[in-house]
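A quick write-up on the structure given underneath.
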Amino acid sequence: WIMGHMVNAIGQIDEFVNLGANSIETDVSFDSSANPEYTYHGIPCDCGRNCKKWENFNDFLKGLRSATTPGNSKYKEKLVLVVFDLKTGSLYDNQANDAGKKLAKNLLQHYWNNGNNGGRAYIVLSIPDLNHYPLIKGFTDTLKQEGHPELLDKLGYDFSGNDAIGDVAKAYKKAGVSGHVWQSDGITNCLLRGLTRVKEAVANRDSGNGYINKVYYWTVDKRATTRDALDAGVDGIMTNYPDVITDVLNEAAYKSKFRVATYEDNPWETFKK
């Protein structure tokens, strides 16, 4: 999965997919009542990027729905996975469940079109703080209560705080999650980070009894780092330059080992060599 980083304006969806992304990451900010408000990152953000592009969250969802609904004039067949980077740092811990409920209602109405031919992309809820695990239950309970448990098949999870792998496993246990887990690891492109924890996550994924199904590394803009991440065995690479990742995947060393994922590839299934 080539994951376009910080896609917060509707116009950027096309831009990143046209460069080779089959997945995008979108920032979600919340108001003081735990309502998802904007798709917005703000300053500081990655080096070489404009941090200030934004939409109202529900408007973005409608644009995203157009881009991922077959038959729509804006449809992009390649775009199959969306990571919502939930900026829950502005919330109190006791608001996490509410944030999950409100997020689910917004997605149900504006993205999934109340289950009536809505967007088809798989969705990952990415949460920066392990203490905010109740967000997951708030979200999943709401989908069930609203009569759409089938949409849980489209839903995955990530804790993005670079916490110890064992601590992340405990948070999922508390949240009642088993499966559909992506594990992120990374740092802003302005800084360097080794692959120690990525390798730990990959080992957990491949152990047969770990909690992780997929591993992605962020934010990768250089060819050398891309090669290192692929050599470590990641499933996804988040990038500001999807074309760079595409180029590396076309190199002889990687062409036979990797391909770009399509809608038919289940993002919750651990890949077995």
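Positions of Cβ are set from backbone N, Cα and C atoms, glycine also.
Remember, it's a predicted structure, so these values are computed and weren't measured experimentally.
These features come from Swiss-Prot:
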ACT_SITE  HIS5  active site
ACT_SITE  HIS41  active site, nucleophile
BINDING   GLU25, ASP27, ASP85  Mg(2+) binding site
DISULFID  CYS45-CYS51  disulfide bond
DISULFID  CYS47-CYS190  disulfide bond
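Shown in sequence order, HIS5, MET6, VAL7, ASN8, THR26, VAL28, HIS41, VAL83, PHE84, LEU86, LYS87, SER126 are the same-chain residues outside GLU25, ASP27, ASP85 whose Cβ sits within 8 Å of the Cβ centre of the Mg(2+) site. Residue pair CYS47 (disulfide bond) / ASP85 (Mg(2+) binding site) shows a Cα separation of 18 Å. Taking each of the disulfide-bonded residues CYS45, CYS47, CYS51 in turn and counting other Cβ atoms within 10 Å of its Cβ gives the largest count for CYS45.
In space, HIS5 is the closest of the recorded positions HIS5, HIS41, CYS51, CYS190 to GLU25 (Mg(2+) binding site), judged by Cα positions.
Long-range Cβ neighbours of CYS190 (disulfide bond) (same chain, at least 6 residues apart, Cβ-Cβ under 8 Å): ASP46, CYS47. Cα proximity to the residue listed as 'active site' (within 10 Å) is found for the following recorded positions from ASP27, HIS41, CYS51: ASP27. Here the C-alpha separation of HIS41 (active site, nucleophile) and CYS51 (disulfide bond) works out to 6 Å. The two recorded residues, CYS51 (disulfide bond) and ASP85 (Mg(2+) binding site), show a Cα separation of 14 Å.
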